[in-house]
Amino acid sequence: MSDNSQKKVIVGMSGGVDSSVSAYLLQQQGYHVEGLFMKNWEEDDDTEYCSAATDLADAQAVCDKLGIELHTVNFAAEYWDNVFELFLEEYKAGRTPNPDILCNKEIKFKAFLEFAAEDLGADYIATGHYVRRHDVDGKSRLLRGMDGNKDQSYFLYTLSHEQIAQSLFPVGELEKPQVRKIAEELELATAKKKDSTGICFIGERKFTDFLARYLPAQPGPILSVDDNKPMGQHQGLMYHTLGQRKGLGIGGVKDGGEDPWYVVDKDVANNILYVAQGHEHPRLMSYGLIAQQLHWVDRQPLTAELRCTVKTRYRQADISCTVTPLGDDRITVRFDEPFAAVTPGQSAVFYLDDVCLGGGIIEERLQE
């Protein structure tokens, strides 16, 4: 009998293939496994987005196949208070937040972790995230997933070593095709289900339509940053993010040349969207950033200069940088090379090789 047989693991079952295979792998490792389906959003009956019922049915089918119990819990109130309201506040302020990071911080590794431990008597929780846990000197580290294309450590940088110590990430050691293959061999209901895309509470709905239901759009001018020439009208600053080139409606401007136009700045006070031509326009480039609301996985604040790499958005190549503490829970990050489309409100996440050190929210970008 495995040493794990006395250990109870609650797997966050999303109705997707990754959490399905995670439950199976933990069973194979000898753990006592149960599933938990979290409902984090109350849908409106009049929308087409009703995937929660399908996801729950898929999670139940997988649990039935594996012979494990599935619990359900409703965290919609916690989600609204701790994730969604902050998401709206950030958009109102002209920034671009990442609600998936907030959801992991407030729901999956806080509300879920507490519920699993206190109500279900769990020793661990597990999720289908593509990350790895590595314990060194009694502290748990967060490592990138083995599959570089699927690594999700960027979304989990707010976790502390204590939270990681209570979490298992079985698919983090695998590549995505291996996960699909296991699901197909087991004939799991989720084997061929496509990966979910988009923000969890919006699903496949059009983002602008969704946002307009909660924040009134305020149309305003689009100006060329080089000469203040009017280029058109935007429907609301909240619909645009730095570096965006699609959906501006200003293609083919007279005497405009061939290069595409990009969003390079937002003047929230005056409701102006600034654009420039070319993906290497100086106003699009940043030499660094200032970050706040810092989270370090080892819980040790930075006290000296640090050489490492940083990601300023998911699925982006690492940028070599120097991080300097400013005190007051802020840091300056200087890139070795200028980098495009650094976006306030998004997260900057730091790495030493495969180890995720932590990160913070981008407060401003440095343009010199």
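The backbone N, Cα and C atoms fix where each Cβ goes, glycine too.
As recorded in Swiss-Prot:
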BINDING   G12, M13, S14, G15, G16, V17, D18, S19, M38, G128  ATP binding site
DISULFID  C103-C200  disulfide bond
ACT_SITE  C103  active site, nucleophile
SITE      H129  site 'Interaction with tRNA'
ACT_SITE  C200  active site, cysteine persulfide intermediate
SITE      Q346  site 'Interaction with tRNA'
Greatest CA-CA distance (Å) over the residues G12, M13, S14, G15, G16, V17, D18, S19, M38, G128 that the record ties to ATP? 16
Just the number: how many Å between the Cα atoms of C200 (disulfide bond) and M38 (ATP binding site)? 12
So among C103, H129, Q346, all listed as recorded positions, which is physically nearest to G12 (ATP binding site)? Use the C-alpha atoms. H129
Tell me the Cβ contacts of D18 (ATP binding site) under 8 Å, same chain only and six or more apart in sequence, or just say none. G128, H129, Y130, V171, V179
Distance, M38 (ATP binding site) to C103 (disulfide bond) (CA atoms, angstrom): 12
Under a criterion of Cβ-Cβ distance under 8 Å and sequence separation of at least 6, what residues of the same chain contact G16 (ATP binding site)? D55, D58, G128, T190, K193, D195, S196
Cβ-Cβ under 8 Å from S14 (ATP binding site), same chain, 6 or more residues apart: which ones? F37, D55, A59, G128, S196
For G12 (ATP binding site), the number of neighbouring Cβ atoms whose distance to its own Cβ is within 10 Å equals 24
